[in-house]
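Colleague: I am attaching a structure below and will ask some questions about it afterwards.
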Amino acid sequence: MKFLNRWLTTKKEETSNHFDQEGKIPQHIAVIMDGNGRWAQKRMLPRIAGHKEGMETVRRIAIAADDLGVKAMTLYAFSTENWKRPTEEVSFLMKLPGDFFQLFMPEIQERNMQIKLIGFIDQLPDSTRRVVQNAVDATVNNTGMVLTFALNYGSRAEILEATKSIAQQVKDGQITVEELSEDSINQELQTAFLGQLQDPDLMIRTSGEVRLSNFLCWQLAYSEFYFTDILWPDFSKEDLQEAIGVYQNRHRRYGGL
Ligand code: FPP
């Protein structure tokens, strides 16, 4: 990964990626929280111990992002592919949101954070669905950072559903094919509630894997990507600042000059 990092970050970034408190802060950060299992295995612990520690990291990083003035953070907590894992691990992951909100809801409220969900929530076990929906309901009037959990989320399925909905609107005569725009798709995606903040400015993936894994494929089209070897349970506030430092030193051109 050392070699890969060298390839992924330019020579300039290696020397000038220092975080600038006064610099531009990404408004929306998306995170692929990877490496919980390896973190646990390195310590001869069961994989679920890594997920538990990863839950603490969610709190730490959400607070750090809030303190830095980030407006939205979207966390990939469970993909549509994660059902393939051993039943015991899936059951544990399904219980985590309950533990998380029980432990941290007072802090979430104190910070005025809004909890939101993306993913195919209807297919979650009843108890999980109830607990996450309660968190959304309990924070619906908050106006602070939007903390979105992607649960049973898959980007291709999301885009497929959006396409079906648009096709139906065309069929029903509500819109013509000529009238369709990128915004027609934005409005049908599960992230539509984010409005102006819908597209992340920065995507962070931990643990050394360098792929998107079906996460926000449409929304990340112009985002800056930051990959790090650090395993999610070890990811710290300083590591977040480091990622933002790299972002601050990149020049987003959106295809222009
Ligand atoms: C990927 O690591 C991580 C997950 C599939 C689960 C992520 C969940 C959390 C960080 C906790 C979420 C907390 C809440 C509140 C929902 P991995 O298991 O694939 O790690 P590995 O690649 O090392 O095996």
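The backbone N, Cα and C atoms fix where each Cβ goes, glycine too.
A TrEMBL annotation is a machine prediction, not a hand-curated record.
Sharing the features that TrEMBL gives for it:
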type     : residues                                                  : note
ACT_SITE : Asp34                                                     : active site
ACT_SITE : Asn82                                                     : active site, proton acceptor
BINDING  : Asp34, Glu224                                             : Mg(2+) binding site
BINDING  : 35-39, Arg47, His51, 79-81, Trp83, Arg85, Arg205, 211-213 : substrate binding site
Colleague: Given the binding-site residues Gly35, Gly37, which one's Cβ is surrounded by the fewest other Cβ atoms within 10 Å?
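Modeller: Comparing Cβ neighbour counts within 10 Å for the binding-site residues Gly35, Gly37 gives Gly37.
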Colleague: Three-state secondary structure of Thr80 (substrate binding site) from DSSP?
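Modeller: It is coil.
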Colleague: About how far apart, in whole Å, are the alpha carbons (Cα) of Gly37 (substrate binding site) and Glu224 (Mg(2+) binding site)?
Modeller: 26
Colleague: Starting from Asp34 (active site), work out which of the recorded positions listed here (Thr80, Asn82, Arg205) have their Cα within 10 Å, and give them in sequence order.
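Modeller: Near Asp34 (active site), where near means Cα within 10 Å, the recorded positions are Arg205.
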Colleague: Taking the recorded positions Asp34, Gly37, Thr80, Trp83, which residues show a Cβ-atom distance to ligand 1 below 6 Å?
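Modeller: List returned for ligand 1: Asp34, Gly37.
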Colleague: If you count, for each of the binding-site residues Trp39, Trp83, the other Cβ atoms lying within 10 Å of its Cβ, which residue has the minimum?
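Modeller: Least crowded of the binding-site residues Trp39, Trp83, by Cβ count within 10 Å, is Trp83.
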Colleague: List the same-chain residues at least 6 positions away in sequence whose Cβ sits under 8 Å from the Cβ of Arg205 (substrate binding site), in sequence order, or say none.
Modeller: Val31, Ile32, Asp34, Arg211, Phe225, Tyr226, Phe227, Thr228
Colleague: Among the recorded positions listed here, His51, Asn82, Leu212, Glu224, which has the most company in the form of other Cβ atoms within 10 Å of its Cβ?
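Modeller: The residue with the densest Cβ neighbourhood is His51.
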Colleague: Tell me, how many other CB atoms lie within 10 A of the CB of Thr80 (substrate binding site), whichever protein chain they belong to?
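Modeller: A count of 19.
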